[in-house]
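Asker: Submitted below is the structure of interest, expressed as structure tokens.
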Amino acid sequence: MARKILVLADIRDNSFRNVSFEAIAAAKKVASGGEVLSVLLGENVSGLATELIYYGADRVVTVENSSLKDYTSDAFSQALLQVIHSETPDAVFMGHTAVGKDLAPRIAMKKQAGLISDAIDLEAVGEEVIFTRPIYSGKAFEKKVISEGIILATIRPNNIAPLEKDESRTGEVTAVSVDIKDLRTIIKEIVRKSTGGVDLSEAKIVVAGGRGVKSEEGFNKLNELAEVLGAAVGASRGACDAEYCDYSLQIGQTGKVVTPDLYIALGISGAIQHVAGMSNSKCIVAVNKDPEATIFTIADYGIVGDLFEVLPLLIEEFKKEVVSS
């Protein structure tokens, strides 16, 4: 069964988040020959449209409006609902991000439609689309189907690989006007907390600390290694609960999901909730003084030792590699 699937692109600082391309790939998996239409909402975003075509969208609809410069529930839901009304898709996908988690339920309520959130996989079986999503803090998985009406779903970042970028692809880009009114929220200014300049959810290298760092001071020692490697710093739930660092750094089932090329786990035991957020890393290096720590069962390389003795050695060796290269 061919399906027309609408995918909402997720933009931050005038560039796409990777989940935009992952959601397109998810749509391609179940469109079954139907059209994958990407929607771009913002103030001056039309110049970004062709990138969505390169990553698999068959067509792009751009909606430019001063009220869409920054995300607000009112403005984005009004704009997206009008596009959905005119395009009549069979399904609407978006990333399971702060925007998607706020916007998708609003659209589902307005359309009286079913919503499957935090999907990590999906497949088309006959007339049905079967979604897989984690439950019980990642200890189990369930398969869900929306049997009637429009399908709404949010796609967990870093779980479905985007299609390979193909700059030879072409597709129609259409500008659409929408009527946005009666806004209850106006964004005057956005002040973002500095996290060191590397986006954790999209970093190629991640240095993460757990309860084994023992203190906020101990956690801060990870920053030197991260700086040498050009890495983002992350943390386990335990480190966040112990107030060694901010929850914005949390990796795991209830935090961010990361898939870096290199993941260095320092003082992390390997609880299943944490592993759910980083197990797809290409290379995992674990440092823990407990030789029975669960993290070693998924690590490509393991170092049994006191992280405060190992960390300076890692910094020294990586500095040598950086200088020699």
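Each Cβ is built from the backbone N, Cα and C atoms, and glycine gets one as well.
From TrEMBL, for reference:
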- R211, 236-237, 250-254, 267-274, N288: FAD binding site (BINDING)
- 5-195: domain 'Electron transfer flavoprotein alpha/beta-subunit N-terminal' (DOMAIN)
Asker: Hey, of the binding-site residues listed (Q250, Q253), which one tops the CB count within 10 A?
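Answerer: Of the binding-site residues Q250, Q253, the most buried by Cβ count within 10 Å is Q250.
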Asker: List the residues of the same chain that sit at least 6 positions away from I268 (FAD binding site) in sequence and have their Cβ under 8 Å from its Cβ, in sequence order, or write 'none'.
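Answerer: Once residues fewer than 6 apart are set aside, I268 (FAD binding site) is near A208, G209, G210, R211, G212, S236, H274, A286, N288, A293, I295.
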Asker: Other Cβ atoms within 10 Å is the metric here; tell me which of the binding-site residues R211, H274 scores highest.
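Answerer: Highest number of other Cβ atoms within 10 Å: H274.
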Asker: What is the average pLDDT across the domain 'Electron transfer flavoprotein alpha/beta-subunit N-terminal' (5-195)?
Answerer: 94
Asker: Ten-angstrom check, please: count other Cβ atoms within 10 Å of the Cβ of A271 (FAD binding site), all chains counted.
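Answerer: Result for A271 (FAD binding site): 18 neighbouring Cβ atoms inside 10 Å.
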